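TrEMBL annotations:
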type    : residues                                                                       : note
DOMAIN  : A:3-190                                                                        : domain 'Electron transfer flavoprotein alpha/beta-subunit N-terminal'
BINDING : A:R203, A:G259, A:I260, A:S261, A:G262, A:A263, A:I264, A:Q265, A:H266, A:N280 : FAD binding site
Amino acid sequence: MAIYVYAENINGIYKKAAFEAVSYAKAIADKDGETVTAISINPTDSSDLLYKYGADKVLNIKDEGLKGFSAKAYAQAVNEVADGNIIVFPHTTDASSVAPMLAIMKSYSLITNALEAPESLSPFQVKRRAFSGKGIMHAKADAAGVIVTVSQNAFGIKENAVSGSEEVKNLSVANEDTKVISHEQSSGKLDLKEAEIVVSAGRGMKGPENWGMIEDLANLLGAATACSKPVSDIGWRPHSEHVGQTGKAISPNLYIAVGISGAIQHLAGVNSSKTIVVINSDPEAPFFKSADYGVVGDAFQIIPQLTEKIKALKG
Amino acid sequence: MKILVCISSVPDTTSKINFTADQSAFDKNGIQWVINPLDEFGLTKAIKLQESAGATVTVINVGDSTTEPVIRKSLAIGANDAIRINIEPKDSYSVAKEIANIAQSGGYDLIFCGKESIDYNGGAVPGMVAQLLNQPFINACVGLEVNGAEATAVREIEGGKETISVKLPAVIAGQKGLVDEKDLIIPNMRGIMSARSKPLTVREPVNNEVKVDAVSFDAVPARAAVKMVAPDNLDELVRLLHEEAKVI
């Protein structure tokens with residue numbers, strides 16, 4: 001039986017998280033000698049993009065009623081076409097809204113925030129994020145079928161091209177309970193959870209007017225910007241940028257923390273970053289203990305210099 | 001309007017997380033318990049609707065008797081009454097089943113949950129409750145206005161926001177933004193005193209099925225010792241990031 005994967009798109013464009021989920025599904029399928037069937041709702045992107053990561057088949061659901069997102073209606077649509085006993089989702093906001101509803105519809109186990117490929121397939125067992133990144137749980141599915149959501153940036157994207165095929169599914173799912181009134185997407189802004197590099201700053205920046213140098217460094221690196229909780233609480237930055245235990249949990253390849261002392265709640269949201277750089281004027285800042293590289297010094301001098309030096313490296 | 005607020009009792013956010021010697025469970029020794037911070041946004045929003053629209057607010061918790069201090073705190077914050085389902089939660093499904101069972105006959109117009117709990121981070125209970133009740137579900141909610149039998153919800157999406165109209169009853173999974181952090185209610189003495197006499201009903205569980213087992217737990221592997229770079233030698237930092245970590 002095929003491994004199914006929910007390939008999320010936003011306004012028809014596949015998300016990076018969709019490619020990661022397909023890569024994850026392909027890793028499972030290869031272990032089990034199975035094929036990967038990707039499900040997408042109203043995509044405009046080409047299915048070739050999913051074949052590249054190992055999708056043997058792409059089911060394109062076409063449904064005018066699903067133009068706007070509805071967790072319940074999307075779960076119904078996926079339920080109609082997903083016919084396997086392993087279904088992979090990315091752990092994005094939308095996908096992690098759909099997955100629990102689908103788990104009830106199918107009476108499947110749901111394991112969220114998977115960090116690695118499964119430890120076993122029968123029974124399905126996988127390491128997952130727990131205690132806000134302060135612990136790891138080995139979770140085992142009890143039901144005959146399992147839905148797994150993959151923590152973003154944890155497994156990575158792995159090219160594994162196959163010659164896939166596409167099938168269009170015309171559905172008409174009833175969606176009477178919710179209606180999208182407006183959809184605002186910040187243009188040109190990198191998604192924090194998908195970003196491979198994140199430049200983050202805290203109260204050490206002294207005020208929101210000083211964020212220009214953080215943004216300059218982020219732009220140069222192709223990075224997203226983030227902040228600590230106190231900074232979003234006092235309104236220097238939007239709370240959508242707050243990373244930590246009660247904000248977003250992120251796992252970029254590189255996390256640069258500027259003027260953040262490293263409270264345990266902040267670390268919880270960022271300690272699965274692959275490389276952590278801490279820049280702080282206080283040599284006693286606890287964050288240094290959890291960093292790979294540290295610089296003690298004045299951010300207002302260091303950040304512009306660092307930006308220049310990286311610019312020189314990039315030529 | 002009737003509102004049900006689901007609360008979870010979780011280790012304080014400053015807690016160091018340890019596991020039992022056989023790695024089979026979370027070590028509860030020395031832990032302070034708090035209302036899951038993400039649930040507090042829903043609880044506060046419910047209290048605001050109690051004040052502005054005369055809503056009645058019932059708190060529900062699935063947990064053994066050790067969670068009662070957290071339930072009493074919710075009553076001190078302003079909930080009218082509380083229900084505790086007397087079982088130690090095992091997985092998201094079993095918790096959702098108990099909540100849905102109570103909600104089924106309760107006639108609630110709104111059910112608030114936190115987007116996820118900060119202990120097991122499943123993020124699954126709200127969506128499961130919604131599906132068990134066949135109700136619409138708004139996740140990551142950062143704004144809500146109720147207008148009679150409808151509500152307008154704002155939810156956070158990656159890189160933006162979406163505004164949705166939703167027919168009630170509905171399940172809302174809240175996070176920071178549903179109310180401002182500064183509006184979270186700290187119980188005063190009057191609230192604490194009145195909480196003692198508010199009804200807290202204990203109900204026995206109706207479901208004993210679980211769908212996910214926590215087999216074991218690991219601590220997160222420690223990082224190697226930090227490499228400090230002098231502030232006047234940023235070339236070295238750039239070199240390390242480029243050649244050693246290979247991240248730029």
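Placed from the backbone N, Cα and C atoms, the Cβ positions cover glycine too.
Locations of recorded TrEMBL features on the structure.
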residue : record           : DSSP (3 states)
A:R203  : FAD binding site : helix
A:I260  : FAD binding site : coil
A:H266  : FAD binding site : helix
Interface-adjacent binding-site residues, chosen from A:R203, A:I260, A:G262, A:I264, A:H266 when a CB lies under 8 A of chain B:
A:I264
Fewest Cβ neighbours within 10 Å, where candidates are the binding-site residues A:R203, A:H266:
A:R203
Measure the Cβ-based neighbour count of A:G262 (FAD binding site), defined as the other Cβ atoms within 10 Å of its Cβ.
22
A:I260, A:I264 as binding-site residues, winner by CB count within 10 A:
A:I260
PLDDT averaged over the residues of the domain 'Electron transfer flavoprotein alpha/beta-subunit N-terminal' (A:3-190):
96
